[in-house]
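Before any comments, here is the structure.
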Amino acid sequence: MDKNGPIGIIDSGVGGITVLKRLLEILPEEDYIYFGDTLRVPYGNRPKEEIEKFTREIVNYLKKQKVKAVVIACNTICSSINKNDYEILMFGILEAGIKSAVEATSNGRIGVIATKRTVESEAYLKGIKRLNRNAMVFQKACPELVLIVENGFYEASSIYTAVKKCTEEFLGKDIDTLVLGCTHFPILLPFIERVVDNKVTVVDPAIKLAHEVKKYLVENNLVKDKKGGQLRFLVTGEKENFIKVAGTFLNDKHIDVLRIAIEELK
Ligand code: DGL
């Protein structure tokens, strides 16, 4: 494996930039290829088999781009695939989210907001209970928050209303930890923090994931040794909303995005 090869980051859409941002903070000299399947987003309402098929296509495409590792930023993908099937160094957000939640909670009462597919897979619920069998996990699917982000935001009041509606589920459940189990949600963090009780720790799994990637690369002598990190964005759908959301979140007004046709993945 070439340690100077890029790191591939896969998400169903723009949400994975919340993972990219964390990686850029601690591994700024790496090269990254971000792949957002913006034509087929949302994945959250799709069956497992379809998500596996899409992931296979994207991973194969990234392998041709000579990536040294793939970061599955998308919780929904992680809840649908077996990472061992892919014959490439792969990191997943879900394990990082599970560990972060277990570390963050004091009372063992944890809320998880995610997509329908992630909730139905019970990947968070089972993973958290594996590490802390006394934990109580309360899950809620919030697909409407994915659309708000993908569509390039609405006005603040309607975002607030949607976030409130989604998190109301947890009122009275005495949770002390809320996991953002979908990569799109950290983009709405200011709204989420306004709504949840201030004794609740809001967990963004991307933080631990980025540290795990760094630790692995360092320990296995896989850190790039050339200077100057490069960033490429590939999307399958329209570029405009992606540029708007990613540019705002990354505070970079000049992101270069290439649209590729689904046929190129086949
Ligand atoms: N970004 C994805 C996740 O982390 C899912 C959004 C979607 O495509 O429904 O789960």
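Every residue gets a Cβ built from N, Cα and C, even glycine.
Among the features that TrEMBL reports, substrate binding site is placed at ASP11, SER12, TYR43, GLY44, ASN75, THR76, THR183, HIS184. The feature active site, proton donor/acceptor is assigned by TrEMBL to CYS74, CYS182.
Mapped onto this structure are the features recorded in TrEMBL.
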residue	record	Cβ neighbours (10 Å)
ASP11	substrate binding site	30
SER12	substrate binding site	31
TYR43	substrate binding site	25
GLY44	substrate binding site	25
CYS74	active site, proton donor/acceptor	33
ASN75	substrate binding site	35
THR76	substrate binding site	34
CYS182	active site, proton donor/acceptor	32
THR183	substrate binding site	32
HIS184	substrate binding site	30
TYR43 (substrate binding site) to CYS74 (active site, proton donor/acceptor) - Cα separation in whole Å: 9
Between CYS74 (active site, proton donor/acceptor) and SER12 (substrate binding site), the C-alpha gap once rounded to whole angstrom: 7
Residues within 8 Å of the ASP11, SER12, TYR43, GLY44, ASN75, THR76, THR183, HIS184 Cβ centre (excluding the substrate site residues themselves): GLY13, GLY15, GLY16, VAL41, PRO42, ALA73, CYS74, ILE77, THR115, THR118, VAL146, CYS182
For substrate: widest Cα to Cα gap among ASP11, SER12, TYR43, GLY44, ASN75, THR76, THR183, HIS184 in Å: 12
